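Taken verbatim from TrEMBL:
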ACT_SITE  B:LYS209  active site, proton donor
BINDING   B:LYS110  NADPH binding site
BINDING   B:GLU194  L-homoserine binding site
DOMAIN    B:346-421  domain 'ACT'
Number of protein chains: 2
Amino acid sequence: MVQSDPALESRGLRPLRIAIFGFGTVGSSVARIVAECKPEGLQLTHVFNRNVARKRADWAGPSVVWSEDADAVLASDADVIVELMGGLDPAGGFIRRALEAGKSVVTANKKLIAFHGVELERLAARHGGHLKYGAAVAGGIPVIPGVEQGLAGDRIEKIEGILNGTCNFILSKMDAGAEYAPVLAEAQAKGYAEADPTEDVGGFDARAKLAILMRLAMRVEVDPDEIVPRPITEVTAVDFSYARDLGCTIRQVARAQKTNGNVAATVGPTLIDLHSPMAWSRGTENMVILSGHYGGDVVFSGHGAGGHPTAVAVVSDLVALAHGSRRVEIPSQKAKVEAEFDVPHYIRFLVNDRPGIVHEITGALARESINIRAIVQKAGYPANALPFVVTVEPCKSSALQRALASIRTMDCLLEPPLDLQMLE
Amino acid sequence: MVQSDPALESRGLRPLRIAIFGFGTVGSSVARIVAECKPEGLQLTHVFNRNVARKRADWAGPSVVWSEDADAVLASDADVIVELMGGLDPAGGFIRRALEAGKSVVTANKKLIAFHGVELERLAARHGGHLKYGAAVAGGIPVIPGVEQGLAGDRIEKIEGILNGTCNFILSKMDAGAEYAPVLAEAQAKGYAEADPTEDVGGFDARAKLAILMRLAMRVEVDPDEIVPRPITEVTAVDFSYARDLGCTIRQVARAQKTNGNVAATVGPTLIDLHSPMAWSRGTENMVILSGHYGGDVVFSGHGAGGHPTAVAVVSDLVALAHGSRRVEIPSQKAKVEAEFDVPHYIRFLVNDRPGIVHEITGALARESINIRAIVQKAGYPANALPFVVTVEPCKSSALQRALASIRTMDCLLEPPLDLQMLE
């Protein structure tokens, strides 16, 4: 039986009826917070999940309908669908149907919002419902509400983020000496990484989040596929060793920049200065730095993933809906990701040593007018598998790629050189 | 002439007419951002200031009425009063009259909101207007929107903040070797400190901001006067030297804690670990760490003061109002600040050396069951004016104060011992 909330009723409101789609870690955390904290104006009425019998939780309250019939829940009197299934299908279809029926939707689905957010927001507006997705970027860290409600008065020109906790966990462990394969296995055992880790380590997850932030903060609608991510699997122990000699560490960084309307965006392993805020984030933590034309840098950090932090963002969206708060929908414009960053780079070579190698490499860089910043070669490596590093002053990726295309033809290279952006 | 915004008119809305009260640094920054960025739905129509002739700025647009007649502006067709005069009077009176007339108010006035926020919010609700004060805490850092919109789903149990840029500037400079008086003079010359710096260095400004955060994040309404601030002027160069030996630095920290409904809150100079996030904030930067029962720690940092960052928060509030976004008003309860922190302390003595001093001090601490963590005495100080430090394991302030009352009677003390909380 659906119970009423006297405090709300006296104000002429009735509780929002909530249906959770997907009762995994985050879904059960949402139900747990609602059951424990009893936020004013929220009532969990339905849970949809496949094989729902094994999910049933008495603590969620006697009035919850547990169902494996999505159609029935979509046709019910629930006011809000909380979509926590992830992926484009069937989550997208359920969301569209809920919005078309005039319901509101709260979701943590970054992929769906990155690719279809604009369309879904229009659908919601057309049918009088609301679409909220505060949990889609950086989970428990209120970056999306902060941007929408607290930075709408600024003009955000730059975004830098550690947006994927799995990659940050793996790279911080590798920084401390671990190898990629066992750390990935540990992350999988702890539930930080999926059985197929491609979305995370390949950079696709961070790219979706970056595209969402670009729309909300920079007000540009980009096709996420235009941001080509670099996987963190390219980075090896030797790179952490050289990075440290350069006063840096390596993290997966998502960054975007808007200069005179030109948009640049990349995702991939990046050298960051050990004294920069980015290096503060440990383990699965996330961090976002937004640089505004008027307000300067604003840093957000905290737990970007996990059941409870993500559930906090979902419940906060629900509380905001229950209190009649609306999203601040700043118009955005379509844009192409076609500008280039002009940043310093780290290039690591692995060669079978012979005379003239540095001469040839520096020649190829000079032909593209790329200035060398440092050449670092540590002792202790064998001459027939010698890693060494060249860092270069800020240059366009296109110029660097032309130089690397020429360098790649050198007979002494045991593998293609690894080039990483450096964050300044 | 008031001009209309076609984009809004097509949606049946007209721009919000804005009257700025107080055209100083922040007020003119607000006008500047509105003039340059032309946020959809905002129109500056009035500026009130004493001797307004010297403030008149043509770039603000031809439709602005410049006035030194507050009554006339309050009686005008402005929809929103932006109060940037500060202080309780006459700002409070203007805000009350605006709200009673059904207008909305955006303010950066932390003192007024800390002491009268609840009453003013009720007044706004009664007359159908809105009261927003995103700029009142940490200026350009969206802590208030982040708490209201993104953390309402959590139960915030702890707040730690560097909330006063002036103190952070002074203490970071002292940490680098400067003396208090010349640094204060520099801060005053740069516009970071007032001619009378008491509000800032005495901790009253940070206390007001802490009280506001406690209401929004912990949902407790406290009388700011119950939080007795400690001034940063108690700290000397020798304390920075000893702090560094302990792996710490000193900053003005505002902290609050809610445990089983018991509320503790303090503001004052505090030892912070050099590896803690708090030590990241430099110069006039602010930082807030909120610890949630479900989501863990969330860190916000950036520029907490200055014309432009504060103006970003004000304009963001205006944009949110123009887009129909409402505050998420979570009910709060009245509470007394009467609980005590159970934290480690740093105690610095200045003595005319003689045998038995440490024995007597440790005896006084032992009688209150306070455990010593470390005793540090650096070489190089004269025996007749010898500073040394005792740090103690977590204890209640009341126990420590009893021990110190007994210690203060010792004949060898050249000044009362300085006790500072340590942040762990």
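Here the Cβ of each residue, glycine as well, is placed from N, Cα and C on the backbone.
A straight line from the CA of the residue listed as 'active site, proton donor' to the CA of B:LYS110 (NADPH binding site) spans 6 Å.
Fewest other C-beta atoms within 10 angstroms, among the recorded positions B:LYS110, B:GLU194, B:LYS209, are seen around B:GLU194.
Summarised by DSSP class, the composition of the domain 'ACT' (B:346-421) is 25 helix, 27 strand, 24 coil. Taken residue by residue with DSSP, B:LYS110 (NADPH binding site) is part of a helix. A distance of 16 Å separates the Cα atom of the residue listed as 'L-homoserine binding site' from that of B:LYS110 (NADPH binding site). Summed and averaged per residue, pLDDT over the domain 'ACT' (B:346-421) gives 96. In this structure, B:LYS209 (active site, proton donor) is part of a helix by DSSP.
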